[in-house]
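K.L.:
Structure incoming, see below.
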Amino acid sequence: MNKHVEAEWRFPAKTAWAIFAAMIFGNFMAILDIQIVASSLNEVQAGMSASRYEVTWVQTVYLIAEIIAIPMSSIVSRVLSTRVYYTMCAIGFTVSSLLCALSWNLESLLVFRGIQGFMGGGMIPTSMTALYLLFPEPKRSLPLVMFGMISTLGPAIGPTIGGWLTNNFSWHWMFLINIIPGIIIATVIYSGPNIDRANYSLIKSMDWFSLVGMAMFLGGLEYFLDEGARHDWLADTGVRIAFMVCVVGGMIFFSRSFTQPKPLLDLSVFKNKNFTLSAITTFVIGMALYGLGYMIPVFLGQVREMNSSQIGHVMMVTGIVMFCFAPFLAWLIPNFDTRKTVFVGMILAGFGVWLNSHLSIHSDYDFMFWPQIYRGIGLMICLIVVSHLAMSTLPLSKVADASGIYNLMRNIGGAVGLALINSSLDWLTAMHVTQINQSMTPQNWIFTERLDQLTAQYQEVGTNAQQIALSVIYRDIHFQALTSSFNDLLRMLAIIMFVTAFLTIFMDRGKK
């Protein structure tokens, strides 16, 4: 920070830690609930009697609501105060979690899931803002580590926890586990001191056109990115409407943000070089975090045919590594050049992704182990230290807006990454299937030998033995093509991460 930041405690240390601990646990629940349903969509689909497409909205509606709420949290927390706003979000998140578990059909679940996402989206940036308000500059390393640890741990272990709860109890418990912690968090925050003062006069000067424009822009963008890949982009009416809503909303929001004397969201933070480069970096981190959290479980489920518990067992390595390595960063941040630290972290994470890009149809836990180790350490370094670089050169008055934008960039990065993965996966798989099929000729002795073996194996079935053998071979071809497609995407992601690492050359060191 700069001269505006106080060097002394504004509150007793125990009070500051109690408030912050409650806030980051709420932050953990909000981030966890993004991915907790990922490994249990089949069970939710069966419970709600929904189609495979309809049930994907359980995730989509949460993300749309969350991505709208994140930047809005800045202005609302200034109007109501951080304490009151966070308490309202915690209560809303808890009540909506209960209602999700009590949903009587898919439509009601989606409504309550949207409320849950909106309330969770308010908690995430508010807890980052509180970090800078609660702790003096010399004492921020450990809180930053804890914040980063929670931000990465949620997506990493969400599918594991969701799969375990669903297999051992029912899918309803993915939401019921939020109730008791939510009540405790709301009580602790509301009973604590005011971190800042409410300013109700801001309501009179609030730019409501910008607010509507921002909601249209972000909601339309999230829908366009999430649903476009599934429906051939602008060929679908709903996706076209979302794109137009996004464009119109963006024109309203950005035009007013640069022309109004008191804009809804202060975009001048992008004039700060460190913040802009850090925002780009966290965008790529979002692509990696959410993209890998999607690709690896899909590979394990579709190609390796693992169930949700087995997938969770493989994926938990990353979460454990992140959790164990995070405390080390509290010592690393004040003692090393943070730019070099981010460079090493991004290269290490990219190296882990590159190692993962050698998947085969036989890849298992042992193959995934070391790539997850490197990736977990690298991503944890980047998430924590990049947030320090982004915020440490900004005045305290700009932190609320900056934290909302910074967290938004990571979420948009994740949405863009998932959209690119989904849209690329189909045509890459089709390309690899064509390439493999071209080699499946009578002159290919591997193909003919495999066909003869399978035909002999299925002779007992009857006269369709060769047809059954061919269907098995074509299934294996699809699995091989899908695996090759994942490898292509993983290599591209690794290259993007390697290139992004060099942005640190242009950053300032930032305050320790």
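Numbering starts at 1 and runs along the chain as it is shown here.
Heads up, the Cβ atoms here are built off N, Cα and C, so glycines get one too.
Pasting the relevant annotations from Swiss-Prot:
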type	residues	note
TRANSMEM	17-37	transmembrane segment
TRANSMEM	55-75	transmembrane segment
TRANSMEM	84-104	transmembrane segment
TRANSMEM	115-135	transmembrane segment
TRANSMEM	144-164	transmembrane segment
TRANSMEM	169-189	transmembrane segment
TRANSMEM	234-254	transmembrane segment
TRANSMEM	280-300	transmembrane segment
TRANSMEM	314-334	transmembrane segment
TRANSMEM	341-361	transmembrane segment
TRANSMEM	412-432	transmembrane segment
TRANSMEM	486-506	transmembrane segment
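Can you walk me through where each of these features ends up in the structure?
P.N.:
Nonlocal intrachain contacts for the transmembrane segment (55-75), taken as residues 6+ away from its ends with a CB within less than 8 angstroms of a stretch CB, comprise 30, 33-34, 37-38, 41, 44-45, 48, 85, 106, 109-110, 113-122, 124-126, 129, 202, 206, 211, 214-215, 218-219, 221-223, 226-227, 230, 264-265, 400-401, 403-405, 407-408, 411-412, 415.
Below 8 angstroms of C-beta separation, residues 23, 26, 29-30, 33, 48, 73, 76-77, 112-113, 115-116, 118-120, 122-123, 126-127, 130, 172-173, 175-176, 178-179, 182-183, 185-186, 189-190, 198 of the same chain, each at least six residues beyond the ends of the transmembrane segment (84-104), sit close to that stretch.
Outside the transmembrane segment (341-361) by six or more residues, the chain places 281, 288, 292, 296, 299, 303-304, 332-333, 367-368, 370-382, 385-386, 389, 476, 479-480, 483, 486-488, 490-491, 493-495, 497-498, 500-502, 504, 507 with a CB less than 8 A from a CB of the stretch.
Counting residues 6+ beyond its ends, the transmembrane segment (486-506) has Cβ neighbours under 8 Å at 273, 277, 280-281, 284, 287-288, 291-292, 295, 298-299, 339-340, 342-343, 346-347, 349-351, 353-354, 356-359, 417, 421, 424-425, 428 in the same chain.
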K.L.:
Determine which recorded stretch among 17-37, 115-135, 169-189, 314-334, 412-432 has the most C-beta pairs below 8 angstroms with the transmembrane segment (280-300).
P.N.:
412-432
K.L.:
If we skip the immediate neighbours and take only residues 6+ beyond the ends of the transmembrane segment (234-254), which ones have a Cβ under 8 Å from one of its Cβ atoms?
P.N.:
209-210, 212-221, 223-224, 227-228, 264
K.L.:
Thinking of Cβ pairs under 8 Å, which stretch from 17-37, 144-164, 412-432 has the most of them with the transmembrane segment (314-334)?
P.N.:
144-164
K.L.:
Do any residues, 6 or more residues outside the transmembrane segment (169-189), come within under 8 Å Cβ-to-Cβ of it, and if so which ones?
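P.N.:
Sequence-remote neighbours of the transmembrane segment (169-189) are 18-19, 22-23, 25-26, 29, 33, 36-37, 40, 43-44, 47, 83, 86-87, 90-91, 93-94, 97-98, 100-101, 116, 161-162.
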